[in-house]
Amino acid sequence: MMRALMPNLPNWINESLAERQQADLIRKTVVLDQAQTAHAQIDGKPYIAFCSNDYLGLANHALLKKSLKKAVDKYGVGSGSSHLVIGHTSAHERLEEDIAAWLGYEKVMLFSAGYMANLGAVTALGHKTRDVVGDKLNHASLVDGAKLSDSRLRRYLHNDVSSCERLLKVSSEGSLLVTDGVFSMDGDMAPLSELARLASHYKSLFMVDDAHGLGCLGRSGKGSLALADMSASEVPLLMGTCGKALGTSGAFIATSKVMGEYLTQFARPYIYTTAMSPAMASVTSSSVRLLQSAEGDDLRGRLADNIAYFRQKMQAFPLELMPSETAIQPILVGDSSIALKMSEKLRLRGVWCTAIRPPTVPIGLARLRITLSAEHSLQDIDALIDALEYSLLDK
Ligand SMILES: *Cc1c(COP(=O)(O)O)cnc(C)c1O
């Protein structure tokens, strides 16, 4: 329960909290006293977790742990400075080159998080005279970037190419079209080829946020572009996070040399912040190598098998899945309080899946955002389905 600990706080603070509480929208931090794995110990009890973005189980991978320890011996723990002062080490340089080679881009710039990478690119490219056109379900960081850049944000209907075209038609020249590759709360994929064609026709810049595609989809885990058989030349700006399938943390923008130079000069969330830890950069290079190895293929194969198994098992179930072929398999519940109750019931059955509620998703579209990992066994998925069945009893 919420208690007023500081009586001299202005009223609106407590009022806002009370409002969220009333609507079942209060979020809580859960403390994990161990590594991020599909089998979590929370408050002393074992759970199978189905809500992490560690899709390939790399966050606790033995080889990567060893690689990080080695990197700490060489580079220490912190970067001590921004990239442009004295924080850019050979580990950062190497990671930028490794990602560029992996994804076929000329230039890669590292950021400390995906949120910052999106803010960086969109604030640098948006302007009050240039529009940002984006999918209605784009990630919050893309929306915030547009707001911060003072550009007009025009949002088209989710994955609706003609709605997007209508907005591009009336947009100022030199606008930015931006979309998630895989939508984080729905798991479906953007029609990237069509959007790229539109962007080129209307002389807009095109940017894709592939936080959830990278590592999981396409040949060598190159993500949504590879899956759609597209090349870097069709997507001048690609954002990727290292904190999801790559298992580490940080993020990057992959782009051309000239655009990289522009962002280096104008992307404030690149300039005015401490570079990611060099040890983290180094272990992320190992992760990128792993993704391109036979083991990477094997992990992606296991993830794909788990997704297929889950969807097939759910066919006989009274809950409808969303049209997603990715590791994100949400179950739409609607009401926030029901989503919370279902999540509590899952917990009673040893399954951990946090309810996702507004404002992360639109009002009335609360859901259980189930995410699958290569680490889950078929028995884990059976346990999930049993728990879902139990959660439906007199909900
Ligand atoms: C998670 C996420 C981000 C932010 O990345 P972080 O590295 O976690 O800050 C950006 N875009 C999308 C679509 C995401 O899902």
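Every residue gets a Cβ built from N, Cα and C, even glycine.
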Candidates ARG27, ARG268, the one TrEMBL lists with HIS139, THR360 as binding substrate: ARG27
Recorded pyridoxal 5'-phosphate site member, picked from SER82, SER90, SER184, SER193, that accompanies GLY114, TYR115, HIS212, THR241 in TrEMBL: SER184
The one of SER184, THR241, THR360 whose CB sees the fewest other CB atoms within 10 Å, among these binding-site residues: THR360
Number of Cβ atoms other than its own within 10 Å, given for GLY114 (pyridoxal 5'-phosphate binding site): 24
When distances run from the Cα of THR360 (substrate binding site) to each of the recorded positions TYR115, SER184, HIS212, THR241, LYS244, the nearest one: SER184
Nearest of the recorded positions (ARG27, HIS139, LYS244) to HIS212 (pyridoxal 5'-phosphate binding site), judged by Cα-Cα distance: LYS244
